[in-house]
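Everything below concerns the one structure shown next.
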Amino acid sequence: MEGELYKGEDYKTEFQPQNYLKTYYAFDSGTIAENEVLKFNLNNLFETFSPGGMGGDILIDIGSGPTIYQLLSACEVFREIIMSDYTELNLREVDKWLKKEPGAYDWSPAVQYVCELEGDRSKWQEKEARVRRTVKRLLTCDVNQPRPLGSAQVPAADCVLSLLALECACRDVDAYQAAIQNLVGLLKPGGHLVTLVALRCCEYMVGSRKFFVLSLEQETVEKALQEAGCQVLKCQYSPNKYSEAFCLNEGFCFVVARKGPGA
């Protein structure tokens, strides 16, 4: 329906992974605005997961969508990565890339960018192979449930990663705070939660379909993490904005928090 705002269960039938990828992740040919947002994200992920910094056994990516860019630095410092999403369509899109199937999205421009950050752009094929080796499982998730990964048997994680996902999944601030608590529950004591949030956004476009986004302030994000028993270690703001595909987007914040002993 024209003008309808999709949310929740609608993602299972109305979200089109290929349209989403072409709009927001066409790194070699996309709009300047979308490219700058992706660079901000990749730069922060590179800094966060640089060797000698954060790492460990298990990283759980919550709300992966149809993307793998968020793992390009993390794959170097974690033994195992578990990806998850609310929709089977997104997981199928990721699986196509992992298995090098025909029609899989071409992530090589973003991979080359990260390899350049690491010092050798020519190693991008090795990087792709490492991501494919490190991703061990694809699971469904629902951040609004106390057990976001359902009945799946998953060890406590050293890191939970969730980028541009919670604000699309939560109907209000109370639900957002509960979702943060649910993700913290997946962590070991002392584990880290890494998240990217679109600030003051109300909706976004995927093809001709408009999807709901919860409008959040940076202070709301930090407060939710603190109330969940985390110490905020980094909250990097960027004034970069998506183009007209996002409504009233007023920048982003990239946040790293550590779970406290009593959380």
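Cβ coordinates come from backbone N, Cα and C, glycine included.
From a predicted model like this one, the values you see are computed outputs, not experimental measurements.
Look at TrEMBL and you will find Tyr20, Tyr25, Gly63, Ser64, Tyr69, Asp85, Asn90, Asp142, Val143 tagged as S-adenosyl-L-methionine binding site. The Cβ of Asn90 (S-adenosyl-L-methionine binding site) lies under 8 Å from the Cβ of Phe15, Pro17, Ser64, Gly65, Pro66, each of these being in the same chain and 6 or more residues away along the sequence.
Just so you know, the Cβ of Gly63 (S-adenosyl-L-methionine binding site) picks up 28 other Cβ atoms within 10 Å once every protein chain is counted. Val143 (S-adenosyl-L-methionine binding site) has a Cβ environment of 23 other Cβ atoms inside 10 Å.
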